[in-house]
Structure formats: structure tokens, C-alpha cells
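Here is the structure we will look at, set down as C-alpha cells.
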């Protein structure tokens, strides 16, 4: 009968257990791929003390118990050791065909993970407290609440893949960010009727910004996304039927420059009606066009709105223009305008028609929203004044019905 192996304290070691010359305990096992794997600890059991100068750790037999539980539960004991960066790369590899801006966003997040200590951690070691600490570090590094929330959502999706693949049991990113960070997101600006009138009047009269008057007016009267607006070409305008055909958007990337993309969703492909003000504004835009050399981008040319270099304008151009316009207005007027972006004009358009009682499905179509919830809950901003006006309108209708009856 073979003699039982013992450690340096005379304790019998079980099958697979051994002790190295430096005193560290070792457990050897064979993984699902037939490859030998090893687990180490300075302690055999939980009550042991670690040698002087060594960091405290989980005992070998506690680690063996966790390992055996993982194997019993079908957990991939190799897969759970992949790093967070590797897991995120695995998720992205499962959906390789994405838009360029999505690809750019993925790269940004991967770069963040590579620089953060969480990125090199094995996914089985990441706890909810670790994920929350990551969110706090992101905030301390200047990232906005909404940006952190978007990145958290991506990592949460990555861990769902790990759960489905039996690499981990729980999702450490399954928590509400607002329980960790204050939501400092600035409410989206919706212009009042008075603010809208003042903005247009100032732009029309100002020597610097009068050239942008029709652009602002069209954005307010069509509700187009700025990428759709910037991508408009002459063939997209149907003056006979008074509509704008939307089937593409123009974007610009710092690395690849200008490029054309299809709309964000299938619902983005639509025909937006031209109200009279938009119709006349488009007519003025065409009348004022110069016979400059036309650029071509991904097969599209005859862009309507060009910068000084005869390249089509994009979001950054309009953001800068609106910022300068509002700054100049506020310099000379006591009744200040709020921070306004091109997207503020889209919000204003949607809110105006929602408050006017437009059929929600019709408004959803015009806005190009993928689902009705976005139209109702995300863009349509109700105010006390609009709520009061709506109540008065309904009460007036009821009174008229009674008189007729």
C-alpha cells in the first residue's frame, strides 16, 4: 500500500494536491480540453496562516470546492478566466457588420478598458462592486453620465454572452447606474413659441447669421436629423408633391472623412412633407446656390448645404453655428435663449406637433422613429402650459357637444 503524501506540517494531502518546495500548495486537474491546469494557494485550509510577507488568499481546498462546484454546474472553468477585454472582443466578433460610428464607439470602449485595471481582470473575478467602482472612475475621468450608461449597457450585454456560454453565473453590470452616480444629463432643450420666433427673427436680421436663416427654418419645419439634413441633395426634393425623400445620411469621421450611411433604422427611410414655410425656404436655398464645383461622396453629389470649401456641412458645422448665434443673441438681449443645438430644433418640431394633437403614428413616421415609445416618451416634452391648453381645448369641445345636443 502506497504511503499517503503529506505537507510540511504532516497533514495528509488528497488526490491532486501537493506542496512545492517554497511551501505553496498546488492542485492539478485536467480541463474539458484535456489540458492540465493548476490552482495555487499559500494555505491548505481556511484556518491556516499565510507565511510572513505573503498576501492573504483563499485556501487551496476552498478553491478546489469552487472549482468542483463550477464543473458540477457546467461552468466553463477555462472560459471564466478570459479577461474583460477578451469578453468584449468576443461579443463584438459575433456581430462584425455594423455602422462605422458603431465601430468607432466599440474602439473607444476597448481603449478605455485596456487602460483601466478592470480590463485585464478575469471575468469570474469581477463583482458588482468592481463594476460600480469602474463607473465611478469613469465619472472622475470626466465621462458624462449618459456615456457611462451606454458603455455599461455594452458590458452588461457582454456578460450575458458569458452567462449563456456557462463562463459565469451572474452579471456584475446588472445594476442601476443612478444608484451609483447622479444623473447630470442636461435636459433636452425644447424652444417655446416665443423663443422660436426670436431665434428666427434674430438670425434673419443679423449680418453674420442671415445666411443660415433658411437652414434653421427648414430644420424647425421638417424635424430632420442633422445627418439627414446635411446629406440632402437636389434629387431628394420633390417640389411637385411638396415632400423631402430621406434614404441616406451624411457623416464625417476624423479618420476616414466624409461618408454616406443609410438611416439609423428602416423607419428612417421616409418622405417628410414640406409645409409652406419649408417649401419657400428650399426654393430660396436653390435660388441662392452658386455654380461651384460639386463634390461627390460615395456616389452622391449636388448637396444643398456647402461650407466655404464647397464640402457639405455636417453636425459639427451646425453645432458651431448655433453656439455662435445664441451667444451673440444673448449678448445683446436681456431675455436669454437657452443652449440650442440642431437636435434641439428636431425636439421642438416633434413637441409642437405632439402638443397640437397630431396622430402619434403619423408623428412617428415623420420623425423616423423605430418605435412609438420614442415618439411619445422621449421627444414629446409636455409642459404645464401645454397641459393646461389641452385641458381647456377638451373642455371647450365638450361644451360645444352639449350645446349641439
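Positions of Cβ are set from backbone N, Cα and C atoms, glycine also.
When the domain 'Core-binding (CB)' (79-163) is classified with DSSP, helix, strand and coil residues number 68 helix, 2 strand, 15 coil. Feature annotation from Swiss-Prot assigns domain 'Core-binding (CB)' to 79-163.
Among the features that Swiss-Prot reports, domain 'Tyr recombinase' is placed at 186-392.
Residue 225 (active site) has a Cβ environment of 21 other Cβ atoms inside 10 Å. The active site annotation in Swiss-Prot covers 225 (among others).
Annotated active site per Swiss-Prot: 264 (among others), in sequence order, evidence recorded as sequence analysis. Annotation note: residue 264 (active site) sits in a coil segment as assigned by DSSP. A 10 Å cutoff on Cβ-Cβ distances gives residue 264 (active site) a total of 16 other Cβ atoms nearby, all chains included.
The active site feature in Swiss-Prot is assigned to 343 (among others). A simple way to gauge crowding: the CB of residue 343 (active site) has 18 other CB atoms within 10 angstroms, across all the protein chains here.
Residues or ranges marked as active site in Swiss-Prot: 346 (among others). In the structure as shown, the Cβ atom of residue 346 (active site) sits within 10 Å of 23 other Cβ atoms.
Under DSSP, residue 369 (active site) is assigned to coil, being neither helix nor strand in the three-state scheme. Marked as active site by Swiss-Prot: 369 (among others).
The active site, O-(3'-phospho-DNA)-tyrosine intermediate annotation in Swiss-Prot covers 379 and is backed by sequence analysis.
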Considering only the active-site residues 225, 264, 369, which residue has the minimal Cα-Cα separation from residue 343 (active site)?
225
Pairwise CA distance, residue 225 (active site) versus residue 369 (active site), rounded so that it is a whole Å:
11
Rounded to the nearest Å, what's the C-alpha distance separating residue 346 (active site) and residue 369 (active site)? Just drop the number here, would you?
12
